[in-house]
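These come from Swiss-Prot:
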{"type": "DOMAIN", "residues": "28-115", "note": "domain 'Fibronectin type-III 1'"}
{"type": "DOMAIN", "residues": "116-203", "note": "domain 'Fibronectin type-III 2'"}
{"type": "DOMAIN", "residues": "204-288", "note": "domain 'Fibronectin type-III 3'"}
{"type": "DOMAIN", "residues": "289-373", "note": "domain 'Fibronectin type-III 4'"}
{"type": "DOMAIN", "residues": "374-459", "note": "domain 'Fibronectin type-III 5'"}
{"type": "DOMAIN", "residues": "460-544", "note": "domain 'Fibronectin type-III 6'"}
{"type": "DOMAIN", "residues": "545-633", "note": "domain 'Fibronectin type-III 7'"}
{"type": "DOMAIN", "residues": "631-715", "note": "domain 'Fibronectin type-III 8'"}
{"type": "CARBOHYD", "residues": "Asn230", "note": "N-linked glycosylation site"}
{"type": "CARBOHYD", "residues": "Asn433", "note": "N-linked glycosylation site"}
{"type": "SIGNAL", "residues": "1-25", "note": "signal peptide"}
Amino acid sequence: MAGRPEKCFSLIRFTLLCLKMVISSKTAPEIPTIDQAYSKISNSITVEWTTVPGATSYLLTAEDGNTIIETTVANSPGTVTGLKAATLYQITIRSISASGQSQASSPKQAKTVLAAPVLEVSSPSPDSILVSWDAVYMAIGFSVSVMRANGLGRIWKENTTNTSLTFSSLDAGTLYTIKAYAWNANGIPGDDSTRNQRTSPRAPANIQVFFDSGALKASVSWTPTEGAFNYTVVASSDSSQRSCSTTLSSCSISSLQCGTEYLISVSANNDAGSSKSCSAPTLKTVACAPGRVMIQEEPPGHLSVAWSNVELGDYYVAFVKSDDGLEVHCNTSLTQCNFLSECGFTYFISVFAYNKAGQSPLGDVFNYTTAPCCPNDISPVLVSSDRVEIAWSPVRGAELYETKAIAGYSIVECNDTAPACTLSALDCDTKYNVTVYSFSEVRGSNLSCSSHFITTAPCSPEIKNISKDAFSMINVHWRSTNEGATYTVTAQGKKGLFQCSSTGETCRMGGLPCGSMFSVTAVAETQAGKSLPSYSVPLETVPCCPAGLTAAQVTQSIINVSWTAGAVAQTYAAVLESYIGQSKCHTHQNHCLLGCITCGINYTVALKAISSTGLTADCAYQSYSSSVCCPLGVKLYRLGPNGIRIYWRASRGAANYSTDLYGSKGIFTCAPHAGLSFCDITNIPCGDVYTVMVSPVAETGLKLTFCPKKIYSVTCSGSTLGMVIYRGKRNDTASPR
């Protein structure tokens, strides 16, 4: 059962194939006939045939037994490509139309031609080209031709069965075109191969050499040669070789060695190779600079220069140039020269050898330095108590200056490259022997330099104490060891500068403002200069007295003394003094309350301003009279139907009084006549409470308000005054401020 469906399907496929063949035989185009098939290129065959009516294209097929290659073409002739060289193919063709394609035509055989040989070309000499290749399949011979690439001139052609050929008698440096192909046993040529090759150039002629002795450089020139792309110049000696390349007809070889003989050769180059080198005459360079140069100064002021002999040197010139630009020289065939020299100069010495090629290169330049000269214009720039600054003009040849200051066993030194020196840590008011030696690293110190004497400035004085005499003069005392010195004392502060001078050990100054701080210093001065200031001593002047001292009675027994603050004062002491006694207060404020004052007494008021350090200024003295004492026994009496009499008992001393009656219905005042101790007030409203105060009146007319006050009630009796009743005292008298 399983095999029956497969048999059924096979039968159906066979029936359909037969049906297709019947249909195609009825509608396909005619089968074309191949007229000829041939090969001109090793990878293709060209086919020619008779055109079939109704055919729109043709299918060419080439088969060699292993591969089948098909190509569709529009009409005859058609070419099948992609074939193998020297291979026999069977060619068929089918015509194609819209209805289908025909059966294959009768086959025709055709063989592809031989492959082109792969060429290797070179130019072994300027007039020849060597052509070589590998064997070609099915080839029995080869044909090779050579001609100029520009098509001019003759053509060289050779046939051979070998795989190489050499063409000679060619033009040097010329581009040639080489063609080659192989043929088979039937003499049919295969594909050809083409290469271009240039012959190598001939060697340059007319070589000339020019030598630059200063640059150790040789310039070589020649006549250009045909076909040369560039040129190579080589300079060879026994020990070295130098070269240069160029596309021009000249070239320079640099960095040649002195004292050397070179052989110069020039070769031309192109893509085929190089010509044989053409040699020019030998080149002798300049001699090398003399070596082992020795310089001696014997005796001083005379220089002797000697050197060793060198190869190719005919004579020598020695140059000696000083550092100021002056130059001398000597010309000799020997190996030594002598020159004059001076102190303080550096001489630069060079030796050259000469021959026909010119001057030798510059060798080592030697320098010789003579002993430096001594400074002769030494002068002090600054002289202080422990330091001396000196300066001088620079001298020739000095690289360093050594300065020594000697006083007894004390030696102070300083070294510097500058023409100046600061000698420090010296003793004050001391005479030193100062010498400046010039020094160079090569020659050392010149010990013949002369010395100078310099005295340092005086020593600083030491202030021992500062005192003040009865005339407010400041006395300053100091201690010093200087001889013949003048001393200046300076007091400096924010409020100015004050000075005094003396040749002794004390001086006086006055006029210093109060309330100031000063820094007091002393300076000694001699012909050598000024000392450093002494250590400063602070000086404080007494504080300034305040201005505007006033005294005001606060109560009958208390006085308020006030003033404006004075400069520097920290506290104040106020004293109120009379024959009875005194009252004091000490405060940091600008007012003070003094108690236990007796009324009606003359006092003296004194004020002292005291600084934070305890300095005291006695500032003010003035007299002050205390107020009249308050009256005693103040009473109110009814005086008629509408009046009140105020009565009191006067205290000691005569005084004027003023009475005041305060009520809710008004204030009533009266001033009694001098000497009276009562005062009457009329038209007083009844039915009110009154406060009564009797006040002394000062000479200035000021009414004092600190006396006690009493309270009375005044009743009404009908429309007139009734009873006057005492109610007590009021406690609102002025309190101390």
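From the backbone N, Cα and C atoms, a Cβ is placed for every residue, glycine too.
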List the Cα distance (Å, whole number) between Asn230 (N-linked glycosylation site) and Asn433 (N-linked glycosylation site).
-> 82
State the mean pLDDT for the domain 'Fibronectin type-III 2' (116-203).
-> 94
When DSSP states are folded down to helix, strand and coil, where does Asn230 (N-linked glycosylation site) land?
-> strand
